[in-house]
């Protein structure tokens, strides 16, 4: 049963998937304003024990605000929360946890320098009779939780040394030891490889089997369709649809989220006419570094002008490392890189930029954005507009350049002088892309270009990448989102543990064949 | 089912801007309030003679504060500038004197040098000392706090060695003009301060170099991936602060007609206070020269007003410390509120 439009908005009991008496958490007409702007307007939903409820919506729809209200970070301006039918008021994140609501945020709140066990018991380290920390007990309980999650993570490992997927499992482990009855997962699969996603799915299933409720927030609708029992779609702070997931198709969900039809067209493979070889990599090796960082061991490939080459691999396979070597961000161990036939050995990103190489790095917040600077400064940071005498800036020329991209990228921003932080993730990513496109690169490397980006912006970014290829830019696309790699790439290179394990033509590739190459040793694939 | 088109993803935030504006103007408002208070308590505070006096008093550490603004914008700190002022003051004095009578001579005949050689020597020594510290901070990634804390002791030690503990006094008139001279009613150091402010403000806001200083302070990793030369810029900001300290050392020797190893004691406190009170964030990436000027004036007004009111120098120290902590607390509070 599905309710949409004003029905969805007003009606909580009849339209919902679960009768209210089973619900662990009831949200009633929740409203939140920031500085006089209403970001959540009378949102109601109910989450049943042992069920997965999907919260859907584009970035900026109000999902994060709702999550923050449910996890006690913000207080609502109106409406009510009820746990087991009893009205509650969450006074803070600790209070929410005590009442059984744990949240796994998109950016983990872990302590990088602590061990796994300390992280799981942070703030409530058990003590023995002498009042000393009971390290042995902690290690034992951590090991037990990790086993329950099917994760092979030693309690004594430092969190900073874990992969993102492992860190996420630690957060889930923490929620379990808190005896949480509702776990809110904000984009839990955004940074995971397909195999890790599979493991998370089975973890979620075993959690629900034990009666834990999950609020699953994701842009990946296939996963939502597979995992969720019921759903709520938010748009512009109001509920636009709710119901049982079984009654909705992915197309329905997309339509409700964006309010318009979206056609994810496949790349027209026949239309692409690759030109001269722009990038050639021969037997590339990274410098041996710590055991922690992935290495690149003898990789060879080429990218032609007007071609989109996908680089698919699990996180940690060496995808990002290849990009960083080509861009001069990390020192090259051995091997040859040629750009337009010329030997190229960048000493730093400056050399690569001068040679017409651009890199949109994977971690927008850590590697791309200047949080304290306005949009215009973020755009102009690579100096795409040549300065005047004595390095003086030509702000008018920069504004003009930005204006062009603003229209082309369908950038939604109040003004170029607004802080970059006021933009949604998708629009921030558009600014980052504009920054690099203004340099007119011959080789564009994009690493996870649509991570944490809403569907509308994702479509815009995909369209743009296709246009760039049509204009003759050579594009190397790195992404954990296999449908994205398949939809965009002319050719796909699979990488595993620093070695290329195969190449597929975009039109022949499918998720299964790609996954085999990414996960199996070369001989077995 | 009809659906409205998606509205803008950016929420208008007018009230937040008002808060931001208030936060930006807070140092200026505080400065004006303080001046009003002192005028009320002691009317002669507002005399033009006293106001120029304040300007003259702040001009030397104001010059160094301008350099320090660059360093703090990159998330750095420089604790060595007080000691560097003493060292460069002595260098200027030694050059102006052509040596130290009875100990050594710079040239065979023991001839003195013109003021400009003295000033140049002080500025070059300051710049080199700053750049050296910058190399440790940028290339060897030693925390700036440690490098400049060590630098502070090293420079003070060098100053003691050169001066052998005693002062070098008595310079010619041209040398003394820079610290004590007047152009009309305006003391010369004030004019030097203004020139430094204008140049630095221009560089910071209108050149690519200035932009890279902000970018590096805002996100060093992103700056590197944007092809900015992070190491070179970091070294340059410490060199710049060293240059400013050298200029300050020369001006101080000129004004006091004497240089000694204990000069510039605790200048780093006033300088860092001026920058931070002026709104430059210790977390890097935000701040301005205009703010630093206001912060400098605020400290000058405070010190001067307290002297006029006969407040003990011990209490002055207490107040300055309290104001630094207060300003940073205010800054953090505002940031939280803006969110």
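Glycine is treated like the rest: Cβ placed from N, Cα and C.
Note that the structure is predicted; figures quoted are calculated from it, not measured.
TrEMBL assigns the feature transmembrane segment to residues B:81-100, out of the candidate ranges B:81-100, B:261-280. For the ranges B:214-232, B:290-308, the feature annotated in TrEMBL as transmembrane segment maps to B:290-308. Of the two recorded stretches, the transmembrane segment (B:21-42) lies close to the transmembrane segment (B:314-334), with three or more CB pairs under 8 Å once pairs fewer than 6 apart in sequence are set aside. Sequence-remote contacts of a segment are chain residues at least 6 beyond its ends whose Cβ falls under 8 Å from one of its Cβ atoms, and for the transmembrane segment (B:115-137) they are 76, 78, 80, 84, 87-89, 91-93, 95-96, 143-144, 147-148, 151, 155, 171-172, 174-175, 177-178, 234-247, 249-250, 253-254. No contact links the transmembrane segment (B:234-254) to the transmembrane segment (B:314-334), because fewer than 3 Cβ pairs that are 6 or more residues apart lie under 8 A.
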